[in-house]
Amino acid sequence: QRLQFNGFSARFSLPPSSYAVSRKIEPFYKGGRVQISRDGKFMFCPCGTKLNVIDVETGARLRSLEQDDQEDITSFVLSPDDEILVTGSRALLLKQWNWRENKCVRTWKAVHVAPVASMAFDSTSTLLATGGCDSTIKIWDMIKQYCTHNLKGSSGVVHLVEFHPDISRLQLLSSSMDYKIRIWDLNSSKCVAVLDGHFSAVTSLAFAADGNTLISSGRDKICMVWNLKTRESKRTVPVYESVEAAILLPEKGDFSQLGVKKQGLHFLTAGSKGILKIWEVATAACVYTQPVPFEPVESKEEASERSLTHCMLVPERNEIVTVSVEHNIVLYDAQTLQLRKQLAGYNDEVLDVKFLGPGDSHIVVATNSPQLKVFELATSHCQILYGHTETILALDVFRKGLMFVSCAKDKSIRVWRMNKDGRVVCVAQGLGHAHGVGAVSCSRMKESFIVTSSQDCTIKVWNIPESLTSKAKATLISSPEALHAQVTERGHDKDVNSVAVSPNDKLIATGSQDRLAKLWSCSDCSLLGVFTGHKRGIWCVQFSPVDQILATSSADGTLKLWGLQDFSCLKTFEGHDASVLKIIFVSRGTQLLSSGSDGLLKLWTIKTNECVKTLDGHEDKIWGLHSNKQDDMVVTASSDSSITLWKDVTEIEQEEAQAKQEEQIMKEQELSNLLHEKRYLKALGLAISLDRPHTVLMVVKAILKENDGRKHLEENIVRLRKDQKEAVLTFLVTWNTNSRNCHEAQAVIETLLKHEAPDSLLQYSGIKSAVESLLPYTERHFQRLSRLLQASMFIDFMWQNMRLADASQQEDVTL
């Protein structure tokens, strides 16, 4: 397996690669209310100054509605008929959008003296209620476009407004920071009742079909059932968790699998424990609790990370949608609460990313959190993997792509396996490092061992039992198997930032903040050699897949290639202006791809030592860089919260360039033939399409050399299309600057001025700049011609005088 080093041979003659962005996974939701259209196809998610419209089926962002004032959106609402979308921002403006065409159709002042905190439409989509941070509520007539009511009396921020579904009652319900629910009669503009029962913020209101029963949920760990006729509490349901949303289940649906055995009202709650529960109103009993999709929590912090902030029923899709505090949006089957889809709205700082799956169909992402995210690239479905208790720092995948390893600040490593159905489970866990584990590398040939390095300056080798490999039959994992380090070695004097295993599984390389890279024997971790030369800490080490070469990247902005035989530096690549965080070999080992802390990727050809391409795809440090097995796709992950997939477009670009070149040659040959055949109109059109000003000039000169050249030129110019005339106008500006070509330029200008009306000339693109450029040179040519004319007249005068003198002398001689 160990390849003999024979220098940089002809293998490096492959053409340089070029990459283009094929897809970007960016944050589309940063908190707040989420709404889904009535047909269940579109989801609206606020993200700072933007409101993103997401395709629910694919998870793709279709469009972004952005505030002109660049202020954060504080609240938004979509009307029940899906036609009107209204947003409110910190600039105290309300905007009405035609969201399908991405157009703002109306902007008006919210009249509130503080930002709008909540919004709601009535069932007819004609009235809009806005609850402000200034303790007031405004009602807006969306058809006549004016404020109909100004309701005062609330205490603090009005964070909840809801119209009664029965529009004939003309009632609005609201709740503010005094924890009371107020009922407003819109006929009299007065508060007609106050429902007092909660001891913390009221988070949601749900109306029963009869319109007389209301269920309210609160952060005081209770839900209350109210009779809207008597305006009194019917029942208090203790939920034992802070409730963010309560939704009534439709009475007609079959919810028997969720413990609904009797007729009557049942409601679903979502809250701080991160699980959904079904409650029976009549008995105040919990009839169903969703199975815990993650391991039991060990701390309050972990529990808070899993809490739900929003929940809604989407009847058209027959789904229940939940939103978590970590900005994950989950779609469940309404009848069974089986998970159908999960979307990650925000990734925070992305620390590492790797391709996963037999066909690289997934990517696994380590964000600035203890959870891993596995994205299915085709559908954007995201699995959240729980297990680590602190931020995950690095990942690596075994060769077959079914097993991978993660390491974290919690001093542990975990081995994960993907089943045939795409579900990922944790199969092993290893503890032993004294500090956070910052780097990990898997064996390359077989799934036999893992190498880790840590802030404790040590490297450890962990053997994997055969029972855990992907070859082994997928058995039900009750709990992860414990791994133990076989070899531990103190490798460096400072943090070990990177570790790599050679393609033959016999060597280990490490890179450290102590500016050294070291080579170790894999069997016993004995030191084989030290690579010295970098001026600052080393961020990444990688073995070449085809030669006995090690590549290193450093905070000094350079990449170096080292020979494994004599540990000498073979090549140094300079070009990055910042720390080089990651490197990988691409194009079958003939090129290097590096990522920097300035958000740039650079592609280097090893043979020539040059940077052949710089790719700008991120705005912050690129921590993650990985290529797929086919070597035609690269994924990058950055601190700017985005993940970018890059496709190798070398062949496509070469084919396009070749096709363009062939087309150019064909056109040039055709142009030559047309000129020979004196078919000037076609020749003009072809020269213009080739964007060759000089060739067009040659055609014009050829026409003018003919008998009646002016007439022929006029006929040909008049028959050109408008866009062709615009191109000729651009060309003749350049011709006119040269006295040798000014006559042709002036001939064309004369034709255009003679046959084009001033109004139509004004419609030409670039006409203003063309006229500005033509005037001074035309004046100069005119002055030159005037001087020439004067000189010719003087010569003519002299000649005439000379002829007269000569004639008089001849007369004298004859006399």
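Start at 1 and count along the chain as shown; that gives each residue its number.
Cβ coordinates come from backbone N, Cα and C, glycine included.
All annotation found in TrEMBL is predicted automatically rather than curated by experts.
Residues or ranges marked as domain 'U3 small nucleolar RNA-associated protein 13 C-terminal' in TrEMBL: 668-802. Positions annotated as repeat 'WD' by TrEMBL: 109-142, 151-194, 195-236, 385-419, 430-472, 489-521, 531-572, 573-614, 615-647.
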Inset, instruction - Over the repeat 'WD' (430-472), work out the mean pLDDT and round it to an integer. - result: 88
Inset, instruction - Answer yes if the repeat 'WD' (151-194) and the repeat 'WD' (385-419) have at least three CB pairs under 8 Å among residue pairs 6 or more apart in sequence, and no otherwise. - result: no
Legend entry - Long-range neighbours of the repeat 'WD' (430-472), counting only residues six or more past its ends (CB under 8 A): 1, 390, 393-400, 402-415, 417, 481-505, 508, 510, 512, 520, 522, 525
Legend entry - Other parts of the chain folded back onto the repeat 'WD' (489-521), taken as Cβ under 8 Å at six or more residues beyond its ends: 1-2, 438-446, 448-449, 451-455, 457-461, 527-532, 534-543, 545, 550, 552, 554, 562, 564, 567
Legend entry - Intrachain residues whose Cβ lies under 8 Å of the repeat 'WD' (195-236), provided they are six or more past its termini: 159-160, 162, 164-166, 169, 173, 175, 177, 179-183, 242-248, 251, 265, 267, 269, 271, 279, 281, 284
Inset, instruction - Quickly jot the same-chain residues contacting the repeat 'WD' (531-572) by Cβ under 8 Å, restricted to those at least six beyond its ends, or write none. - result: 2-6, 11, 494, 497-503, 507, 509-519, 578-585, 588-589, 592, 594, 596, 604, 606, 609
Inset, instruction - Just give the helix, strand and coil counts over the repeat 'WD' (615-647), going by DSSP. - result: 0 helix, 19 strand, 14 coil
